[in-house]
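Asks: Pasting a structure here, questions to come.
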Amino acid sequence: MVKICCIGAGYVGGPTMAVIAHKCPKIEVVVVDISVPRITAWNSDQLPIYEPGLDDVVKQCRGRNLFFSTDVEKHVAEADIIFVSVNTPTKTRGLGAGKAADLTYWESAARMIADVSKSDKIVVEKSTVPVKTAEAIEKILTHNSKGINYQILSNPEFLAEGTAIDDLFAPDRVLIGGRETPGGQKAIQALKSVYAHWVPEDRIITTNLWSAELSKLAANAFLAQRISSVNAMSALCEATGADVAEVSHAVGMDTRIGHKFLNASVGFGGSCFQKDILNLVYICECNGLPEVANYWKQVIKINDYQKTRFVNRVVSSMFNTVSGKKIAVLGFAFKKDTGDTRETPAIDVCKGLLGDNARLSIYDPQVNEDQMQRDLTMNKFDWDHPIHLQPMSPTSVKQVTMVWDAYEATKDAHGICVLTEWDEFKTLDYQRIFDNMQKPAFVFDGRNIVDSEKLRNIGFIVYSIGKPLDPWLKDMPAVA
């Protein structure tokens with residue numbers, strides 16, 4: 001029986017291994033992590049991450065050929081194929097701080113593999129890593145090999161949170177990069193045969209190591225670039241009276257461009273886009289390509305500008321001050337159908353409003369109070385370290401309350417900021433909400449999901465990103 005071990009039981013490792021176990025009943029899959037609470041959660045009825053469809057897959061396989069364990073060394077030693085899916089945070093100090101990936105966890109995983117292995121291994125990069133990481137890992141393993149043969153493969157994930165299980169069941173492509181040597185090619189075939197249980201062969205792409213590593217960074221950079229492009233247009237639409245939804249629809253009708261990732265919003269979030277672009281920028285700088293680095297930096301600059309612009313719009317619309325005013329924040333996750341708050345635009349928007357002394361009442365159906373408070377008190381990039389290494393929040397943010405009901409969040413509020421596109425926010429009883437708010441009552445829709453005409457008829461002053469401005473807002477321009 002082929003044995004697979006995955007180091008790291010997070011958003012990538014857990015779902016990916018669950019689907020491999022589900023599709024390959026003859027393969028034993030063990031997910032290992034040093035975090036006892038995380039492994040305990042994977043073995044319970046309350047999984048540590050929310051992802052539609054994940055519960056069913058895990059429950060079907062767990063205890064049969066899918067296992068979750070904290071006995072890292074034992075399962076690594078027994079495995080034929082080892083997936084490494086550990087955090088690769090952005091460095092916060094030293095060389096490349098603020099841009100380069102911190103490979104501390106990756107390196108310690110590689111050293112541990114070298115220490116405990118007694119048989120040949122295929123080691124698979126699953127984390128998003130900088131180009132040439134495989135080479136560094138290879139050096140660590142071969143210099144500590146004790147006669148054991150290691151083959152390094154790059155197998156980047158292309159999952160979208162909220163649809164990760166569907167993405168795993170029917171991927172656009174599976175990418176496997178390896179050495180162009182007989183041993184490397186044999187390792188590629190071994191991993192390919194795992195995915196071939198359910199993925200059509202023409203969707204399994206094989207490349208060299210560097211192409212696979214760079215493809216992941218490039219894919220995320222291209223997706224983020226599309227969002228920043230439409231968000232840049234949204235600012236121009238507001239200035240000219242155009243409607244960004246109509247513009248993006250017209251643009252997307254061009255088959256060379258297509259409709260996906262052309263929705264204007266308060267900005268992109270998630271664990272990958274910003275981190276991967278910063279990483280790409282750093283690699284370009286290290287390779288003497290400053291013009292290319294500056295090109296990709298603009299994608300992040302526009303994203304930051306969009307969040308700042310949104311906060312400025314809120315404050316300027318409400319008589320240039322939100323001090324002491326209750327603002328309801330609907331949604332905190334970086335997008336719907338996930339509880340993930342990593343790099344969510346809600347953090348910067350909330351911090352911006354708190355900077356003007358607003359009182360915030362936040363509701364998100366999947367994010368708990370502890371997570372929100374951590375996010376609002378942590379420094380940039382701290383989120384990407386394991387929880388036990390994150391700085392403890394000294395105090396909670398006093399002007400923030402978390403509630404478990406949208407109607408409670410909006411009661412007595414002066415304004416509402418919609419920051420996540422949860423479906424339930426489209427069908428709220430906005431007449432009831434309006435009746436219980438301070439007047440004038442404002443809605444600032446950062447996701448363009450509310451029916452702005454309907455809300456205006458109720459009596460709201462509505463701001464939707466990239467849409468023709470409400471007469472009220474024209475009289476109170478936002479200063480960027």
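Counting starts with 1 at the first residue shown.
Placed from the backbone N, Cα and C atoms, the Cβ positions cover glycine too.
Unlike curated records, TrEMBL annotations are generated automatically.
Found this in TrEMBL, in case it helps:
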- 8-13, ASP33, ARG38, 86-90, 127-128, GLU161, 272-275, ARG342: NAD(+) binding site (BINDING)
- CYS272: active site, nucleophile (ACT_SITE)
- 328-452: domain 'UDP-glucose/GDP-mannose dehydrogenase C-terminal' (DOMAIN)
Asks: Counting only residues 6+ away in sequence within the same chain, which have a CB under 8 Å from the CB of ASP33 (NAD(+) binding site)?
Replies: ILE7, GLY8, ALA9, GLY10, GLY13, ILE39, PHE68, THR70, VAL72
Asks: Restricting to the domain 'UDP-glucose/GDP-mannose dehydrogenase C-terminal' (328-452), what is the model's mean pLDDT?
Replies: 89
Asks: For the domain 'UDP-glucose/GDP-mannose dehydrogenase C-terminal' (328-452), jot down how many residues DSSP puts in helix, in strand and in coil.
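Replies: The domain 'UDP-glucose/GDP-mannose dehydrogenase C-terminal' (328-452) comes out at 42 helix, 19 strand, 64 coil.
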Asks: Over all shown protein chains, what is the count of other CB atoms within 10 A of the CB belonging to TYR11 (NAD(+) binding site)?
Replies: 22
Asks: Taking the Cβ of ASN87 (NAD(+) binding site) as centre, how many other Cβ atoms lie within 10 Å?
Replies: 19
Asks: Let me spell it out: for each of the binding-site residues (THR90, GLN274), count the other Cβ atoms within 10 Å of that residue's Cβ, using every protein chain shown. Which one has the most?
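Replies: Counting Cβ neighbours within 10 Å, the top one is GLN274.
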